[in-house]
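Among the features that TrEMBL reports, compositional bias 'Gly residues' is placed at 228-238. Among the features that TrEMBL reports, region 'Disordered' is placed at 56-75, 218-250. Residues or ranges marked as repeat 'TPR' by TrEMBL: 80-113, 114-147, 148-181.
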Amino acid sequence: MTARVNRRLLVVLATAAAVAAGGWLLARLPRFYDRSLAVEAPAAAAVALPEEPPALGIAARPKGPGQAPDPRRDPRQAEIHARFQQGVAMLHARRYEEAMTAFHRVLELAPRLPEAQVNMGYALLGLGRPEAARDFFRAAIEVRPTQANAYYGLAEALEALGELEGALGAMRTYIHLSPPDDPYLARARSALWEWEARLGRGPWGRPPPPEIAEALEAARRRAEAAAGGDGAGAGPAGSGPRRGPAGGGR
């Protein structure tokens, strides 16, 4: 009798153990399944450029991780990165023809990269070709309507073409999109004063009050000192040919 009870007890315990083990395995199966079928999504195709100090204020940079792509794994992205860096360096040096060549190649590889379109626009401004520059700035805005430095460059191009109304609208948009601590806001606001005065309308048709003019001039000088420039056209993100409230984009 005792032996029979012991056998039944062993059977019950074995069954309970089997059920518990089965439950454990079932609980684990989804994880094994998920891992076996998981496919790591490829990283977004972004041009990776290291951050530049904000004080440089020249040339737009594509958003992305801060290291260059591996040319063995992605030769196309590696070339885009290298050419873009080359173009930025040429803009810094105001070697606009060479900057154009570099950004032309970038746009062959990535036709809708707004940062390259913006910087091509600044290179064209540096070469005194505002009409072509305008088209590149507008193309960048079409791709990314919040590309603030494209509006700055567009304002410069339109001013050079004598389209002051359009220049005012573009520069106001730049101011609207820029953060309060943007070092080029003083230049942008100074440009608005200048262009409104040239149009001769309303309170903008008069020179700013002395205290405002003095504050604008002080802010402009601080921006130039921070940019390390000489006042001959460094701007928020690209190099431009204008003095004072003009120059580039972020």
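All positions are counted from 1 along the displayed chain.
Each residue, glycine too, has its Cβ placed from N, Cα and C.
Look at the repeat 'TPR' (114-147): DSSP puts its residues at 27 helix, 0 strand, 7 coil. Taken residue by residue, the repeat 'TPR' (148-181) breaks down under DSSP into 27 helix, 0 strand, 7 coil.
Counting residue by residue with DSSP, the repeat 'TPR' (80-113) contains 27 helix, 0 strand, 7 coil.
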